[in-house]
Amino acid sequence: MGRGNSTEVTEFHLLGFGVQHEFQHVLFIVLLLIYVTSLIGNIGMILLIKTDSRLQTPMYFFPQHLAFVDICYTSAITPKMLQSFTEENNLITFRGCVIQFLVYATFATSDCYLLAIMAMDCYVAICKPLRYPMIMSQTVYIQLVAGSYIIGSINASVHTGFTFSLSFCKSNKINHFFCDGLPILALSCSNIDINIILDVVFVGFDLMFTELVIIFSYIYIMVTILKMSSTAGRKKSFSTCASHLTAVTIFYGTLSYMYLQPQSNNSQENMKVASIFYGTVIPMLNPLIYSLRNKEGK
């Protein structure tokens, strides 16, 4: 490995998990099954929505794109993670690391905005049902989804550009199972203050903005539901967004654990565990959540 700057680094060594050898095969099988189940579930949900004319509505247009995003970001990290269990030296080229980080960051960010958009969709469906067809027109929901992809691409491009323009002279060993931002920054011998600021500003804004949209949407939704006189009406309205609320709770609960836990000696290992749940388990759960809680999706 070169010692000068980032252009001299040709590859990184992904350290993966600090687990004993006898458990590696078990983890490999479990994570492989989760990944395959995730692919089957999300591809199946996309095909179901595409082929069933009853599901050609904004309420199912958004989960369709959520499934696509889940496929993309879990596929960006899981194959390389599985490789870490089968190879002693799990290497990734510099270019491969850049691409993995870019793809993962793009779709992980888009995921946040899609969940916020889906909360807004639930708000309009429950709080303004008579105006729903006018507000959530085909043009509007296509623009909203396109916007989530654009924001994800811009966010990821900025982070990728600033991260991989650094000088790496400490080591080429990334203490993670994929090319994630903070473990990569830990290898740099450059001043990373601007990178930390970008992380705080971009990631902080993305999380806070989307969380606030979701929180305020559900505040209005709950107020509207509580005002309903009919028990059946309340139940029907709540079931409309129950699947989304479940998905959001799991998604942001995991992110909160990842980014808000206090720093400690085992915090990096905890981050790896949370990253597994965020990057592999949640994409598997989403199609199950939507299919079980929506009668049309069964």
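Glycine is treated like the rest: Cβ placed from N, Cα and C.
Predicted, not measured: the structure shown is a model, and the values here were computed from it.
Taken together, the residues in the topological domain 'Extracellular' (1-25) have a mean pLDDT of 67 on the 0 to 100 scale. Swiss-Prot lists 1-25 (among others) with the feature topological domain 'Extracellular', giving sequence analysis as the kind of evidence.
Sequence annotations record features per position, and here Swiss-Prot assigns N-linked glycosylation site to Asn5 (among others).
Tertiary proximity for the transmembrane segment (26-46) is limited to same-chain residues at least six positions away from its ends with a CB under 8 Å from its CB atoms, namely 17, 19, 63-64, 67-68, 70-71, 74-75, 78-79, 81-82, 85-86, 276, 280-281, 283-284, 286-288, 290-291, 297. Residues or ranges marked as transmembrane segment in Swiss-Prot (evidence: sequence analysis): 26-46 (among others).
Here Swiss-Prot flags 47-54 (among others) as topological domain 'Cytoplasmic', drawing on sequence analysis. Secondary structure counts, DSSP: the topological domain 'Cytoplasmic' (47-54) has 7 helix, 0 strand, 1 coil.
Swiss-Prot lists 55-75 (among others) with the feature transmembrane segment.
Residues or ranges marked as topological domain 'Extracellular' by Swiss-Prot: 76-99 (among others).
Among the features that Swiss-Prot reports, disulfide bond is placed at Cys97-Cys189. Following the DSSP three-state reduction, the secondary structure of Cys189 (disulfide bond) is coil.
For 100-120 (among others), the entry in Swiss-Prot reads transmembrane segment.
According to Swiss-Prot, the topological domain 'Cytoplasmic' annotation covers 121-133 (among others).
Annotation source Swiss-Prot lists transmembrane segment at 134-154 (among others), citing sequence analysis.
Tertiary neighbourhood of the topological domain 'Extracellular' (155-196): same-chain residues 1-6, 9, 11-17, 76-77, 80-81, 84, 90, 92, 94, 97-98, 100-106, 109, 202, 206, 268, 271-272, 275, 279, selected by CB-CB distance under 8 Å and a gap of 6+ residues from either end. Among the features that Swiss-Prot reports, topological domain 'Extracellular' is placed at 155-196 (among others).
Less than 8 angstroms from the CB of Asn155 (N-linked glycosylation site) sit Ala105, Thr106, Thr109, Phe202, Asp206, each of them six or more residues away in the same chain. What Swiss-Prot lists as N-linked glycosylation site is Asn155 (among others), and the listing cites sequence analysis.
The feature transmembrane segment is assigned by Swiss-Prot to 197-217 (among others), with sequence analysis given as support.
Annotation comment: Swiss-Prot describes 218-237 (among others) as topological domain 'Cytoplasmic'.
Residues or ranges marked as transmembrane segment in Swiss-Prot (evidence: sequence analysis): 238-258 (among others).
The feature topological domain 'Extracellular' is assigned by Swiss-Prot to 259-271 (among others).
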Item to check | Which of 100-120, 134-154, 197-217, 238-258, 272-292 contacts the transmembrane segment (55-75) most, counting Cβ pairs under 8 Å | outcome: 100-120
Checklist entry - Taking residues 6+ outside the topological domain 'Extracellular' (76-99), which of them lie with a CB under 8 Å of any CB in it? => result 6, 9-17, 24-25, 27-28, 31-32, 35, 107, 160, 164, 174, 177-179, 184, 275-276, 279-280
Next on the checklist: Are the transmembrane segment (197-217) and the transmembrane segment (272-292) close enough to be called in contact, which here means at least 3 C-beta pairs under 8 A that are separated by 6 or more residues?
Outcome noted: no
Item to check | Among the ranges 100-120, 238-258, 272-292, the one whose Cβ pairs under 8 Å to the transmembrane segment (134-154) are most numerous | outcome: 100-120
Item to check | Other parts of the chain folded back onto the transmembrane segment (100-120), taken as Cβ under 8 Å at six or more residues beyond its ends | outcome: 62-63, 65-66, 69-70, 72-73, 76-77, 80, 92, 141, 144-145, 147-149, 151-153, 155-157, 159-160, 163-164, 178-181, 184, 206-207, 209-210, 213-214, 217-218, 241, 244, 247-248, 251, 279
Checklist entry - Once the chains shown are all counted, how many other Cβ atoms turn up within 10 Å of the Cβ of Cys189 (disulfide bond)? => result 14
